[in-house]
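Pulled from TrEMBL, these are the features on record:
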type: DOMAIN; residues: 12-239; note: domain 'Peptidase M24'
type: BINDING; residues: His77, His175; note: substrate binding site
type: BINDING; residues: Asp94, Asp105, Glu232; note: divalent metal cation 1 binding site
type: BINDING; residues: Asp105, His168, Glu201, Glu232; note: divalent metal cation 2 binding site
Amino acid sequence: MITIKSEREINLMHEAGKLLAATHREIAKMIKPGITTWEIEEFVDKYLAEHGATPEQKGYNGYKYATCASVNDVICHGFPQKIALKEGDIVTIDMVVNLNGGLADSAWTYAVGEVSDEAQRLMDVTKNALYRGIEVARAGNRLGDIGHAIQSYAEGEKFSVVRDFTGHGIGKTMHEDPTVLHYGKPGKGARLKEGMVITIEPMLNAGTWHMKMDQDGWTARTADGKLSAQYEHTLVITKEDPIILTEQ
Ligand code: MF3
Ligand code: CO
């Protein structure tokens, strides 16, 4: 069931989203060769607590951390680790903030120092792909319009779109209906309505879209070991452009 959010709920989610965006801005300043994703994890835990918020991912389906930290070939759900990031790495930090019961979800890929042209292009195209999806996320359009906008652009740039993980509705809990595919056909799927709150979070790979799962059951990697990037916003559907709740 896809729920329509009240103005009060949307306001709470927006406050969570602003805090999440501020957290990402702080992370952006921290990312450099030598830092570990464990230090980012500890920073996020502390920063959210200082601002009266909690990390919704911690404890979710047994996940242990506030953040997901996915380096290079990791598509998503990597664990924060006490391993230093190196010049040329790319790292996606994903988190869900709960502030007074309002939730917001946003992931961002960061370059560590100077990265290869290929890595930079993957990051740029993935971010653009998110905004291609956002452009068509409006009342009256369908979910397939979002997927198609992302897929046609990404594949035109010779990158592949991950199929195993999707965007989603979000509200009282992190994952609600609908499932938001990052590929699809225009005019297909559920119709978007004013007041729905969804995430769009394309993961693009430099090589194949297929993934392989680590033994830990969480860490999803590209099957061919090539790079993966991801950008995610939480947004409210309106009759016009959506309201991005996690804008940085
Ligand atoms: N934040 C992720 C998403 O975008 C969910 C992470 S799953 C968790 O949907 F278990 F790590 F919380
Ligand atoms: Co999400």
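Yeah, the Cβs are placed from backbone N, Cα and C, and that goes for glycine too.
Around the Cβ of His168 (divalent metal cation 2 binding site), 20 further Cβ atoms fall within 10 Å across all displayed protein chains.
Excluding Asp105, His168, Glu201, Glu232, which define the divalent metal cation 2 site, the same chain contributes Asp94, Ser106, Ala107, Gly167, Ile170, Val180, Thr199, Ile200, His233, Thr234 within 8 Å (Cβ to the Cβ centroid), listed in sequence order. The record gives Asp94, Asp105, Glu232 for divalent metal cation 1. Within 8 Å of the mean position of their Cβ atoms, the other Cβ atoms in that chain belong to Met95, Val96, Ser106, Ala107, Thr199, Glu201, Gln230, Thr234. In three-state terms derived from DSSP, Asp94 (divalent metal cation 1 binding site) belongs to an extended strand segment. The local packing around Asp105 (divalent metal cation 1 binding site), expressed as other Cβ atoms within 10 Å of its Cβ over all shown chains, amounts to 28.
Shown are the binding-site residues Glu201, Glu232; the one with the most C-beta atoms within 10 angstroms of its own C-beta is Glu201. His168 (divalent metal cation 2 binding site) carries a strand DSSP state (E or B).
Within the model, the domain 'Peptidase M24' (12-239) carries an average pLDDT of 98.
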